Amino acid sequence: MTPPPPGRAAPSAPRARVPGPPARLGLPLRLRLLLLLWAAAASAQGHLRSGPRIFAVWKGHVGQDRVDFGQTEPHTVLFHEPGSSSVWVGGRGKVYLFDFPEGKNASVRTVNIGSTKGSCLDKRDCENYITLLERRSEGLLACGTNARHPSCWNLVNGTVVPLGEMRGYAPFSPDENSLVLFEGDEVYSTIRKQEYNGKIPRFRRIRGESELYTSDTVMQNPQFIKATIVHQDQAYDDKIYYFFREDNPDKNPEAPLNVSRVAQLCRGDQGGESSLSVSKWNTFLKAMLVCSDAATNKNFNRLQDVFLLPDPSGQWRDTRVYGVFSNPWNYSAVCVYSLGDIDKVFRTSSLKGYHSSLPNPRPGKCLPDQQPIPTETFQVADRHPEVAQRVEPMGPLKTPLFHSKYHYQKVAVHRMQASHGETFHVLYLTTDRGTIHKVVEPGEQEHSFAFNIMEIQPFRRAAAIQTMSLDAERRKLYVSSQWEVSQVPLDLCEVYGGGCHGCLMSRDPYCGWDQGRCISIYSSERSVLQSINPAEPHKECPNPKPDKAPLQKVSLAPNSRYYLSCPMESRHATYSWRHKENVEQSCEPGHQSPNCILFIENLTAQQYGHYFCEAQEGSYFREAQHWQLLPEDGIMAEHLLGHACALAASLWLGVLPTLTLGLLVH
């Protein structure tokens, strides 16, 4: 990558020296030790590495990895079958079929499904927003708002087959929070069937053996996030788990406004024996999901998204549940739970606020042979639906995997095996800025931590990410915005510069060094060089020392204003400008500007000479830039003056905010 050139400003008179800060007072030894221990603990948790190490713009291959909609799509839904090169996207009155064949140009076909209802009060209400796409035996099921008359269609070999109005399959408005879950011939939904009544949200079985719904009192203004069916050891014990957040029943002013929950239902629930319970779920229980860090006193109580990663051995209890949470300041945390822990909480916990002996069978217990739940058991669970025990994250500390100042909204996780055989879990998290963070979960090594590898810009034009789907077979990520659909590789090894050291310092388990290139482990038939030492990966390279930066020279007149700019390729490194063994400027990790800039306000004779921009990242040290400032001669001055005039506008405007901030701080 070509670094931005240094810039020059007009000469100025010398400035009076400003007194430096007062001498630093010594801290007591005990306090210094406590601060060191706190810093070490924070580093071990990975919070200091929660920001992305590098920033990458995914340009893709021309014509192959991005396709525009051709119109603005404010609401999209994406359907992708693992291993397929095709992606279905539902939009406004249309269903798009994108095809991304390997190594060939992408294509798009459009199926029009316009509104069939002509009368509507608002133009926006006249649209048919497709909100559901699902593969069924009859074809691809597409359901939409249809001018506030929710309806469905089957797409069969490019033909649209109307199915008429189907309440519960699509909301009346695309802005409504909704979930629809399919399992065989069964359909579960949180969508209300009537537009102007029944406004209390419910979780329903709308197709199956018997229609059921949750009691109106067991949830308070829920926002549904995810639902799944878990097949347990006995078929009658199969569970429906759904994740949501709701208003906090604790009205203490210091209590959070929202709490995050997981609810359980028995899939074989047939309703109750009494008139009050015959049409209701009789096995509903809910538990609080905890995602907090006691060491920093940070609580994250707003669940944003959930991703379930099944265990490769097929053990349902070892399924990992990744939850993305936020707090009122839109900082985020990722907490990981196990289905086994969730199941144990529901099986063994007492009920919150209930102090008598539990009835038999206990609330939430699934019964064999589709037996109805006794009325007493239903009444206790209906009045006390929350279990007392909370669901805590996995691990001995019961803390978040990591937390971050970024606002994450969606998550997908890929389990992969590196070249040396170690298994990694790689998280892909969307931000509210329309980017994707690629984070490696800590391994089993001592002192390992979550590592944020990079931030990816997936679109041609910046926009919010509406949908995301991960294909583990093709190793692709599919994301959509209001403008386009993009196919992003999971590896992206070509973005790492700096030779072998830069490749291994990325700590990207998808990438390795082979035959002078940083390549994907999937593109090589033999084992590639990867680091097995997460603390000092650069030491695995054949040449232990990175190459020195090439010397660049510039001639300047005395008393000139000038700046030297060094691109901060790694945001986890400290960049320093050194001149005659003195550090003139230092830019720490988290520095807001993409460049570390040394501003020379008034060039004196002592300030001519060699300037080195040096990057320090752990034990890895490299020389990023090397400049020599020379006294100006007539010929060189004329050449440089012309060059500076040509670049003055763009360069000066680009660095002016950073220079202003630097001068104010100075």
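Every residue, even glycine, has its Cβ placed from backbone N, Cα and C.
According to Swiss-Prot, the features are:
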type	residues	note
SIGNAL	1-44	signal peptide
REGION	1-21	region 'Disordered'
COMPBIAS	9-21	compositional bias 'Low complexity'
DOMAIN	53-490	domain 'Sema'
CARBOHYD	ASN105	N-linked glycosylation site
DISULFID	CYS120-CYS126	disulfide bond
MOD_RES	ARG135	asymmetric dimethylarginine
DISULFID	CYS143-CYS152	disulfide bond
CARBOHYD	ASN157	N-linked glycosylation site
CARBOHYD	ASN258	N-linked glycosylation site
DISULFID	CYS266-CYS366	disulfide bond
DISULFID	CYS291-CYS335	disulfide bond
CARBOHYD	ASN330	N-linked glycosylation site
DISULFID	CYS493-CYS511	disulfide bond
DISULFID	CYS500-CYS541	disulfide bond
DISULFID	CYS503-CYS518	disulfide bond
DOMAIN	544-629	domain 'Ig-like C2-type'
DISULFID	CYS566-CYS613	disulfide bond
DISULFID	CYS587-CYS596	disulfide bond
CARBOHYD	ASN602	N-linked glycosylation site
LIPID	ALA648	GPI-anchor amidated alanine
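Mapped onto this structure are the features recorded in Swiss-Prot.
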residue	record	DSSP class
CYS126	disulfide bond	helix
ARG135	asymmetric dimethylarginine	strand
CYS152	disulfide bond	strand
ASN157	N-linked glycosylation site	coil
ASN258	N-linked glycosylation site	strand
CYS266	disulfide bond	strand
CYS366	disulfide bond	coil
CYS566	disulfide bond	strand
CYS587	disulfide bond	strand
CYS613	disulfide bond	strand
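Cβ neighbour counts within 10 Å, taken over all protein chains shown, single out CYS143 as the most crowded of the disulfide-bonded residues CYS143, CYS266, CYS500. Between the disulfide-bonded residues CYS541, CYS596, CYS613, the minimum number of other C-beta atoms within 10 Å of a residue's C-beta occurs at CYS541.
Cα to Cα, CYS291 (disulfide bond) and CYS143 (disulfide bond) are separated by 35 Å. Comparing ASN157 (N-linked glycosylation site) with CYS541 (disulfide bond), their Cα atoms are 53 Å apart once rounded. Other Cβ atoms within 10 Å of the Cβ of CYS587 (disulfide bond), summed over all protein chains shown, number 22. Compared over the disulfide-bonded residues CYS120, CYS493, CYS503, the count of CB atoms lying within 10 A of a residue's CB peaks at CYS503. For CYS366 (disulfide bond), the same-chain residues lying six or more positions away in sequence with a CB closer than 8 A to its CB are TYR236, ASP237, ASP238, LYS239, CYS266, ARG267, GLY268, ASP269, THR283. Spatially close to CYS511 (disulfide bond) yet at least six residues away along the chain are ASP491, CYS493, TYR496, CYS503, CYS518, ILE519, SER520, ILE521, GLN530, judged by Cβ distances under 8 angstroms. The separation of CYS613 (disulfide bond) from the residue listed as 'asymmetric dimethylarginine', Cα to Cα, is 56 Å.
For CYS335 (disulfide bond), applying a Cβ distance below 8 Å and a minimum sequence separation of six or more within one chain yields LEU289, VAL290, CYS291, PHE300, TYR322, GLY323, PHE325, PRO393, PRO400, LEU401.
Cα of ASN258 (N-linked glycosylation site) to Cα of ASN602 (N-linked glycosylation site): a distance of 56 Å.
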